Each structure stands twice: as C-alpha cells, then as structure tokens.
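Per Swiss-Prot, active site, proton donor is recorded for 134, and the stated evidence type is similarity to another entry. Sequence annotations record features per position, and here Swiss-Prot assigns disulfide bond to 21-36, 30-42, 35-49, 54-58, 89-152, 164-172, 271-303 based on sequence analysis. If you look up Swiss-Prot, you'll see 19-60 marked as domain 'Chitin-binding type-1'. Under the heading signal peptide, Swiss-Prot lists 1-18.
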C-alpha cells in the first residue's frame, strides 16, 4: 500500500512540475529552453537532454552537423553584432545575447543545422542579415560601417499604429498593439497569434513579450524564418536549397538565393522595380556576415527583377 501511494504521489508531482511536449502533446514546445524527453516531458538533465533520451529541443545533435555552436561561436556573434549594446540602442544591456539565441534556436530542429557546413553558415548569415536590417541603428558613416549596427532596436520606431486586423481566429486583445517587435519586427495580430501558439506563449494578450523576453524575441524571428505561408516558401527552405521554384516562380524570376528571402519578407515594397536601397542594405549585412563566417554568399542576392509574392508579412520599419 505504501509503495502504491508513493508511486501515485510521484506521478502527481511529475505532472505538476513538468509540461508535456513533443509527439505526446501535439508538437508542443517546452518553456525556458528545456529539452523534451522521448516520453514527452520537459527537463534539463541527461534523462531529458541526453542522446537517446531527447526527442526535440535537444542541445545541438549528434556530431558537428547538429551543433549550432560549431557554425557560429559566441565571439563570432559578438563580432557580427558588435554595436548592439551601444548606448543609443534599445537593446543595450545585452538583451540580444548569444545564449538567448542558442536557447531559442534549440526549439527549431533544422535551423542552422541543415545540409553541409556551407549551407549551415549561409543560413545563419542570411538570418542575421535580414534581421539586422529590420533592427539596424546604423547610418552610412557609422563607426565600423553601416553593417555593424544590427540588433539595435527592439520595437518599431516612430509612432506605430495598433496593426489590428479584425479576425475571429486571431482576435486583438483590448488595448494591445501589434507593431513590429524583436529581430524580425513581427507585426499584425495575424502573425502574433500563430507565432504565439507555435512557441507556447499567448502573444495576442502579451505582444510586448517579444520585446522584453530575449528568448521569446529570438523565437519569434526563427518561427517566421522556418514557417512557409503559401504561396511563399519558408526562408529556411530557400537558403538550404530545399525549395524548388515552380513554373510560376520561374516566370516571375524568383530563383533560389538570398534575393527570394527578401521577397518573402517585404517583396511587395522592395522587389521588382530595379535597385532599392533597402535591398542593398540587406545584401550589405549578408556579405559582411558571410565574410565573418568564412562562406561565399552564393548567387541571386538581389530581387530587383523579381515579381513579388505579394505584400510582405511584415511591415518595413526602418
């Protein structure tokens, strides 16, 4: 009888102190960077995170191919974003930290770990290039150049509106505004809603978590990066070579390369009309980061001759 009571108490204690995750919970994610065990529970010990025990949000993976730290080190991160803690930047105080990035990335298997080392480095360079443009505090004559000032801002600059589109699926919460926040400057209730559901946070009622919680902030950007929204492929699939353009894409000059990622993000405003200073800014960040990571940028960096997929999912804030 004692043994039965002890086991029952243990089960109840486990249920109260852990969150279900993974295949046992419809793909739910663990909070706070915890690992999801093969049994569907969240934790941070070897029983949850170790080889053979972890089903998702695992630290790296088997061998170099799964180790994001082997693609971008802490020192490279600091070199790429070397003015993010400038006194003029909202992110000063190390809001955008390397540890927060690595923790957030662990929730998205495949991010920065797909393909050979060249593909993995290009993905990281492309991700930080696009998000650096969205958050840049640089100017043409800035110290160390304009492409050393990514990740300066947390929130959309100026006087943004509420970006609320009436929706029964993603209803706006009273008094909440869905302007651009975080590395990708996610905006609109119809993006905050599905992003929050995917990462296990109520962003419709708490949108400012994207600008106050470092890990959630990075997760919002990586969620957008990894998520296709038809007819657009995901940025991840484009940069890793998994996306194959259809006949419609080819007729629109949408071919694999960094330029299509710009088209995905803000093609309605930036692509299809020749040279655009915003597109060139994105390319400038990308070339710099490829240099730091030691990889070539590949082909098709511009989108000036591409027809857009349509309006961007994001509002261009810079």
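Backbone N, Cα and C define each Cβ position, glycine as well.
Nearest Cα neighbour of residue 21 (disulfide bond) among the listed disulfide-bonded residues (54, 172, 271): 54.
There are 29 other CB atoms within 10 A of the CB of residue 271 (disulfide bond), with all protein chains counted. Here is what falls inside 10 Å of the CA of residue 36 (disulfide bond) among the disulfide-bonded residues 42, 49, 54, 89, 152, 271: 42, 49, 54. In the three-state DSSP classification, the residue listed as 'active site, proton donor' falls within a helix. On the backbone, the CA of residue 134 (active site, proton donor) and the CA of residue 152 (disulfide bond) stand 9 Å apart. Each residue contributes its Cα atom, and for residue 89 (disulfide bond) and residue 42 (disulfide bond) these two points are 35 Å apart. For the disulfide-bonded residues given as 35, 49, 89, 164, the lowest number of other CB atoms within 10 Å of the residue's CB is seen at 164. Between the alpha carbons (Cα) of residue 35 (disulfide bond) and residue 42 (disulfide bond) lies a span of roughly 6 Å. Between the alpha carbons (Cα) of residue 172 (disulfide bond) and residue 49 (disulfide bond) lies a span of roughly 37 Å.
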